[in-house]
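Novice: One structure, as structure tokens, below. Some questions next.
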Amino acid sequence: MPSDAAVPRDNDSAPQSRSPSPVGSDSLTLRALVSTKDAGVIIGKAGKNVAELRDQTGVKAGVSKVIPGVHERVLTVTGTVEGVAKAYSLIVSQLVSASPSSPTMSPTSSPTTAIRLLISHNLMGSVIGRNGLKIKAIQDSSGARMVASKDMLPQSTERIVEVQGSSESIGRAIEEIGRCLLEDWERGVGTVLFHPGAGEERSGRRTHPTNRRSNGDVRRTSPSPSSPSSSPPTNLRTQNISIPSDMVGCIIGRNGTKITEIRRLSGSKISIAKEPHDETGERMFTIVGTPEANEKALFLLYNQLESEKERRVGRDQQQQEELQD
């Protein structure tokens, strides 16, 4: 597992959770962004804390390797929804205990903190719900506060959902979030994982190829270094993503200019279904290429979607202002 350092080493045998099939749909992998300092608390001396966490909850847990100059690491927890929620609740308790000066809501309230979950852009709708009703319901039932970021993290298609509150309320919220993710796991297929420091690399390419799946993420592998450069790639992958019908035009562009540019920049072949594939009205995009090419294509596609959404929001705001004048 090149991108995630297991502590201790037995985390290398973590199950391939959230594989894109109903068979593995009872197993959840939930990632979170933590500071290097907090990662040390989570791991504990000689891996003591993370080992106890596994024993108490039955989850698999690990933290990504330290990258020089980067002050964040990725915590990955895999198990049942209940186990993952309990694990995060225990982790939050550890972090609060290790930082007694953490802000609290009031002198008489339980100590509060926050955990930054990494959620696939495609799954954010499942967590937020129509008109924000789902996220409001989760907040009301759990007692935690949730703040969803609008932007995807650099060179990825993941966004942050910050869950704030006591360890108990965060645990309750994460259990509800986990159920939402499992219910719509298919939407997470094709997620490009965030790696701290990836956006700062001069080459513009991530140097952390992985061979695991998380939250329905696609399996990605490194190309064989022994393959002759003149030979056609042998590690082609096919990925499917769903795009709302009203957004398809902005991705294709006038006379197909934008989709042609995405194909050229990524090196992947991209085909678009002519008709929606189900009652959601979404159209299927099929991407075929090497793992690296597909990752680039997904990044470009999602960036185009975000740009269009921002343009539409700006247009709507302008129209509202004009109506008010």
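Including glycine, each Cβ sits where the backbone N, Cα and C put it.
TrEMBL lists these features:
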- 1-27: region 'Disordered' (REGION)
- 13-27: compositional bias 'Polar residues' (COMPBIAS)
- 26-96: domain 'K Homology' (DOMAIN)
- 111-182: domain 'K Homology' (DOMAIN)
- 194-242: region 'Disordered' (REGION)
- 222-233: compositional bias 'Low complexity' (COMPBIAS)
- 235-306: domain 'K Homology' (DOMAIN)
- 306-325: region 'Disordered' (REGION)
- 306-315: compositional bias 'Basic and acidic residues' (COMPBIAS)
- 316-325: compositional bias 'Polar residues' (COMPBIAS)
Novice: Should anything in the same chain at least six residues away from the compositional bias 'Polar residues' (316-325) have a Cβ under 8 Å from its Cβ atoms, list it; otherwise answer none.
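Specialist: For the compositional bias 'Polar residues' (316-325), the list is empty: none.
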Novice: Quick one: average pLDDT across the domain 'K Homology' (235-306), no decimals.
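Specialist: Mean per-residue confidence for the domain 'K Homology' (235-306): 86 out of 100.
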